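Participant: Here it is: the structure, laid out below.
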Amino acid sequence: MATRTTSAPRGSSNSKPAGAGSGSGSGRTPAKTGRSGTGTARGTARGKQAAVVEPQQPWILRAIAGVWLGIGHVVGAGIRRIGYDVSDLEPADRRDGAALFNLALGVFIATFAWWGFKGWFPDVVYGIVNGTFGWVSLLLPLMLFVCAFRLFRQPADSRGNNRVGIGFLIMTFAGTGLAHILGGQPTVADGFDGLRRAGGMLGFLAASPLAAIHPAVPVMVYGALAFVSVLIVTATPFGAIPRRIRGAYEHLMGVDLVDAEAQRGDSHDRSYLYENAATEAPKKKRRKRFFGKDHDDATFEGYVGDEAFEHAIVDDDLPPANGAPSVPPGVRRPTQAEIAVEKIKAAQGLGSPKAVADNATEAIPMVAPTAALSPAAAPVIVPSAPVSPPPPPTPIPQRTEQLSLAGDVTYTLPSSDNLTPGSIPKERTEANDAVVAALTDTMQQFNVDATVTGFSRGPTVTRYEIELAPGTKVERVTALSKNISYAVASSDVRILSPIPGKSAIGIEIPNTDRETVSLGDVLRSQNARRTDHPMVMGVGKDVEGGYVVANLAKMPHLLVAGATGAGKSSFVNSMITSILMRATPDEVRMVMVDPKRVELTAYEGVPHLITPIITNPKKAAEALQWVVREMDARYDDLANYGFKHIDDFNKAVRAGKVVPPVDSKRIIKPYPYLLVIVDELADLMMVAPRDVEDSIVRITQLARAAGIHLVLATQRPSVDVVTGLIKANVPSRMAFATSSVTDSRVVLDQPGAEKLIGQGDALFLPMGASKAMRVQGAWVTESEIHRVVEHVKGQLKAVYRDDVAPEAQKKQIDDDIGDDLEVLLQATELVVTTQFGSTSMLQRKLRVGFAKAGRLMDLLESRGVVGPSEGSKARDVLVKPDDLAPVLAAMKGQDAPASPDAHTAALSENANANIAVGGYAEDLVATDLENRKQARDYHDGADTSEDEDDTGEDAWSLTGR
Ligand SMILES: Nc1ncnc2c1ncn2[C@@H]1O[C@H](COP(=O)(O)OP(=O)(O)OP(=O)(O)O)[C@@H](O)[C@H]1O
């Protein structure tokens, strides 16, 4: 993912014969040229250049150059289409002439060096090449082919091309030196034949001076140089060698394992769907292996406009809108009777369970109606969809990437071993049989003609399917909801009528034996492997046991809500860990807002962050305003360069097609996705409701095309937090258990979330879906998070921007001091100089009432001047008289110390050094007595001189509360 900023080299390449002039003219579409002044200016400049250069060339030269470039374009077009197609290179960007030259030279040298062609001309050239390079000339065609291939396919990557070229030059030089030693160190006296059999003339010149010291010296020097040249050609920094070797191994192994999985027709994901995409995945991986393409997924490579029926869930095989599962061509779907007979046979021990499991991957999850049973057979209810086993813990091929935003760092994504596999899910337990019996019983008791035909067991709940006899109303079953709850002894029964895509009623009942869904399993599932998009996250498992994986970029903004302990933070952790597992900091950057201060601390310092985790709600509001500014800047670029989506823009930048204006020093780089995570929206809405709402609405309305996505989590889904405006603009919702049906309506616009059973049980409503999908959220343990974060931080340190949530220039005087600043300063001075933290002393010396003195003491405590109340004793004074000045300055809102937290921390360091009472022991006894009396008076309402609502901590403790 090297950034290509190629204005200068490309400019010069255009002065090459014909191709440049004609190419730039023909290749640049009028629309694109017209989009920006820059483009036009550039085009004009080129035109002028061509006008000056071309007439000076004799026609014969131009004709030859034209033919040469014509052949070059034809060959280049072919080579660009191999594997991953890059044939959309603009003609102006191509270097086909130079590439063809490399190719032709390689072929020419190969004709005699490899294939032994004879003739006077080949002999002459062979003599020159072989005499110069010795047997290293055998490698020359290979090097030239590699250069030609790169020039055809990546002409704009001039930095990379130069690197490879220089690497090959060093390799050739070192190779000839080594060849000279290994070839027996011939001298000039041995003639050219002798030199040819070793390292040629170049090898002789390179090695003989060093060999004069000792023959081992050139071997060591040129051996090291050859090694370095391999590192240069492969762009491998020294420190990354072990990782590269490991990455290459995993890459290769991963491909093979994916192949193997595909051959097995592995079906861990939605088992009721056909796994035809399994064959697609290895193809993509193979492409990736050969062409070093990092993102073979079209959705990431370039945004090609909105897709029809776009959905956030990554699952190629989602059933079409009418609910019928898709069937690959040429595959016959078994009839329901066939499936049913198979399953019933299996359930009765008449068929091999394996046969059923195998069939199930091709079958609609159904169980035979009772009529299909033989009269003698008891109705046996079996799971409709076999539970998918967790994906084998095969490593996801590790991706190693050259980062450009971070200054050409080689970055390896964390290995999938960091996430441990989950337990094997159960397909059916005794609890399920008991529930089937209870449901059947209830139906019979109330004379409802309906049958339990099957069930699908998910990690948290099992969905039992009920089919009605003809003429039976659906309402007859839904009206039984309370009776069903009673019969199965669970209050969290949820009825779906119908199950989307089926003519059956679904009754979801919590499993008494819940299973944890491991994030590792979700990320290793076929659905997650289907795409390399960096914004894909592991959501969890649905009720049928299928892995749910979603693309945050397509949501495009997500609201996560639920009561305390319902699983929001765990979900946010899974989301962030998914991103860290799959995306480099070049691809995704994050802003984390965590007013609760504890939830996201584990991620502090990851290079994906652009600012330290923001814990202060006021700063969070500022950060949102920064996001708006960032969005505007991105939009400006999109508008200036004529792109509709940031993916298109990035693609063009990577291809070197976006150049800054001629007089600009700006280096244009691809924009990473920006994921803004707010872990408690309510805290932000409390400090600056209007600003926060404005920013959120602006971001959510526009940011999608700019690659900016918001995730807002809250445990208070009430209308004052999730306002109508916010809701209208955050289309995807993840509702964990809510405390009331009203909250459920706020989050989902429908009831249901109040029936969830907490701890990761959620209703997921991605943008565009009409029905919420019940999922058990993926779970990632703290140690897993720690491992992933350590790996990520070990690769690259976070580089924070300082304009996202800047420190305030001047600390504002805190609101809670209000008009009391003057008297608070006096109180501070008094307490610090006397080193005596007594409320009654403040009363006497400052002539204030008890309540006011108590309040001042509270303010002093909150600013770290005194310690907490210790009943009737005076408080510890934590500030030394020497430190009085900066403390007073801070209270006045002057420079040092910068923040109350830093101030408190600085003060607490001094805490131990403080002496409590000093020479005021006598005073203390007297003031305490006075204190108690006044407190009693106050409590009885006798002291009316001060603010009555404001009772200090001393007052409460003295009045015995
Ligand atoms: N996906 C899950 N799988 C298994 N257990 C979970 C899952 N999600 C949450 N839990 C359990 O629920 C507990 C509470 O979850 P979590 O802290 O995520 O809730 P929360 O909604 O963020 O609560 P709060 O708002 O108080 O922070 C976790 O400690 C864990 O035991």
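Quick reminder: no glycine exception, Cβ is built from N, Cα and C everywhere.
TrEMBL entries are annotated by machine, without manual review.
Pulled the feature table from TrEMBL, pasting it below:
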BINDING   GLY562, ALA563, THR564, GLY565, ALA566, GLY567, LYS568, SER569  ATP binding site
COMPBIAS  1-10  compositional bias 'Polar residues'
COMPBIAS  31-50  compositional bias 'Low complexity'
COMPBIAS  932-942  compositional bias 'Basic and acidic residues'
COMPBIAS  943-953  compositional bias 'Acidic residues'
DOMAIN    545-745  domain 'FtsK'
REGION    1-50  region 'Disordered'
REGION    932-961  region 'Disordered'
TRANSMEM  99-117  transmembrane segment
TRANSMEM  132-152  transmembrane segment
TRANSMEM  164-182  transmembrane segment
TRANSMEM  194-212  transmembrane segment
TRANSMEM  219-241  transmembrane segment
Participant: When you check the transmembrane segment (132-152) against the transmembrane segment (194-212), do you get at least 3 Cβ pairs under 8 Å, counting only pairs 6 or more apart in sequence?
Facilitator: yes
Participant: Which of ALA563, ALA566 (the binding-site residues) has the most other Cβ atoms within 10 Å?
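Facilitator: Within the set of binding-site residues, the most crowded position is ALA566.
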Participant: Checking distant contacts: for the transmembrane segment (219-241), what same-chain residues at least six beyond its ends satisfy Cβ-Cβ under 8 A?
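Facilitator: Same-chain residues near the transmembrane segment (219-241) but 6 or more away: 160, 163-164, 166-168, 170-171, 173-175, 177-178, 181, 206-207, 210, 400, 402, 409-410, 412.
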Participant: For a quick check of understanding: among the binding-site residues THR564, SER569, which residue's Cβ has the most other Cβ atoms within 10 Å?
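Facilitator: The largest 10 Å Cβ neighbour count belongs to SER569.
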Participant: Among the binding-site residues listed here, GLY562, GLY565, GLY567, which has the most company in the form of other Cβ atoms within 10 Å of its Cβ?
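Facilitator: Within the set of binding-site residues, the most crowded position is GLY562.
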Participant: Other than GLY562, ALA563, THR564, GLY565, ALA566, GLY567, LYS568, SER569 themselves, what residues in this chain have Cβ atoms within 8 Å of the centroid of the ATP site's Cβ atoms?
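Facilitator: In sequence order, the nearby non-listed residues are GLN715, PHE736, ALA737, GLY758.
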Participant: Could you pull out which residues elsewhere in the chain have a CB under 8 Å from any CB of the transmembrane segment (194-212), counting only those six or more residues past its ends?
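Facilitator: For the transmembrane segment (194-212), the far contacts come to 130-137, 172-173, 175-188, 218, 221-222.
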Participant: Suppose we draw a 10 Å sphere around the Cβ of LYS568 (ATP binding site). How many other Cβ atoms does it contain, all chains included?
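Facilitator: Within a 10 Å radius of the Cβ of LYS568 (ATP binding site) lie 25 other Cβ atoms.
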Participant: Give, as a single whole number between 0 and 100, the mean pLDDT over the domain 'FtsK' (545-745).
Facilitator: 88
